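Asker: Below, the features straight out of TrEMBL:
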| type | residues | note |
| --- | --- | --- |
| BINDING | H52, H55, C61, C64, H65, H66, C111, H115, C125, C128, H129 | heme c 1 binding site |
| BINDING | C114 | heme c 3 binding site |
| DOMAIN | 38-129 | domain 'Class III cytochrome C' |
| SIGNAL | 1-25 | signal peptide |
Amino acid sequence: MKKWLACGAVLAVCCAPCLMGIAQAADNGPAEITLQSTIDPAKTPKPAQFPHAAHQSRLECKTCHHSKGADGKRISYEEGQKIEKCETCHNSKAGMPEKLGTFKNAAHALCQDCHKKNKPELAKCTVCHK
């Protein structure tokens with residue numbers, strides 16, 4: 001009996017890291033995200049509701065997620081990269097071009113440009129701002 005317990009304990013210790021890795025890989029973030037700037041809040045704030053899970057089923061993460069290199073250029077997301085809040089870089093203090101200079105402007109540029117090309121019926125304010 002002790003032999004079985006010892007084998008079970010060894011097996012559990014060996015398998016735990018693998019199972020934890022699978023659990024982390026399956027963490028795709030929340031299914032629905034409320035988007036609202038805290039650095040550059042809108043004069044009449046109306047948060048956007050973003051259906052994250054619906055987009056994950058059709059798009060690669062790097063379609064939306066990215067970072068910025070030392071030269072200021074966009075670097076596409078790579079698996080395992082830490083995902084920062086958009087307004088970490090997209091804010092009025094970061095020196096970005098106006099089109100991307102606030103979280104609101106960057107989100108509108110990314111989301112609306114994509115929707116206008118792929119699903120024009122979803123490029124209306126009330127689709128996200130409810």
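Using the three backbone atoms N, Cα and C, a Cβ is placed for every residue, glycine included.
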Asker: What whole-number value in Å do you get for the largest C-alpha pair distance within H52, H55, C61, C64, H65, H66, C111, H115, C125, C128, H129, the residues recorded as binding heme c 1?
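Answerer: Between the outermost Cα atoms of H52, H55, C61, C64, H65, H66, C111, H115, C125, C128, H129, the distance is 24 Å.
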Asker: Could you give the Cα-Cα distance between C125 (heme c 1 binding site) and C114 (heme c 3 binding site), in whole Å?
Answerer: 14
Asker: Three-state secondary structure of H65 (heme c 1 binding site) from DSSP?
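Answerer: The three-state answer is coil.
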Asker: According to DSSP, does C114 (heme c 3 binding site) sit in a helix, a strand, or coil?
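Answerer: Note: C114 (heme c 3 binding site) is helical by DSSP.
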Asker: Per 10 Å Cβ neighbour count, which of the binding-site residues C111, C114 ranks highest?
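Answerer: That would be C111, with the most Cβ atoms nearby.
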Asker: My understanding is the cutoff is Cβ-Cβ under 8 Å with a sequence separation of 6 or more in the same chain; which residues meet that for C61 (heme c 1 binding site)?
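Answerer: C61 (heme c 1 binding site) has long-range Cβ partners Y77, E79.
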Asker: Looking only at DSSP and grouping its letters into three states, which state does C125 (heme c 1 binding site) belong to?
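Answerer: Helix, per DSSP.
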Asker: Measuring Cα to Cα, how many Å separate H65 (heme c 1 binding site) from C114 (heme c 3 binding site)?
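Answerer: Pair distance, Cα basis, whole Å: 14 Å.
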Asker: Using the alpha carbons only, what distance in Å do you get between H52 (heme c 1 binding site) and C114 (heme c 3 binding site) once rounded?
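Answerer: So the Cα of C114 (heme c 3 binding site) lies 15 Å away from that of H52 (heme c 1 binding site).
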Asker: Just to confirm my parser: what is the rounded mean pLDDT across the domain 'Class III cytochrome C' (38-129)?
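Answerer: The predicted confidence over the domain 'Class III cytochrome C' (38-129), as a mean pLDDT, is 92.
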Asker: Hey, how far is the residue listed as 'heme c 3 binding site' from H129 (heme c 1 binding site), Cα to Cα, in Å?
Answerer: 17
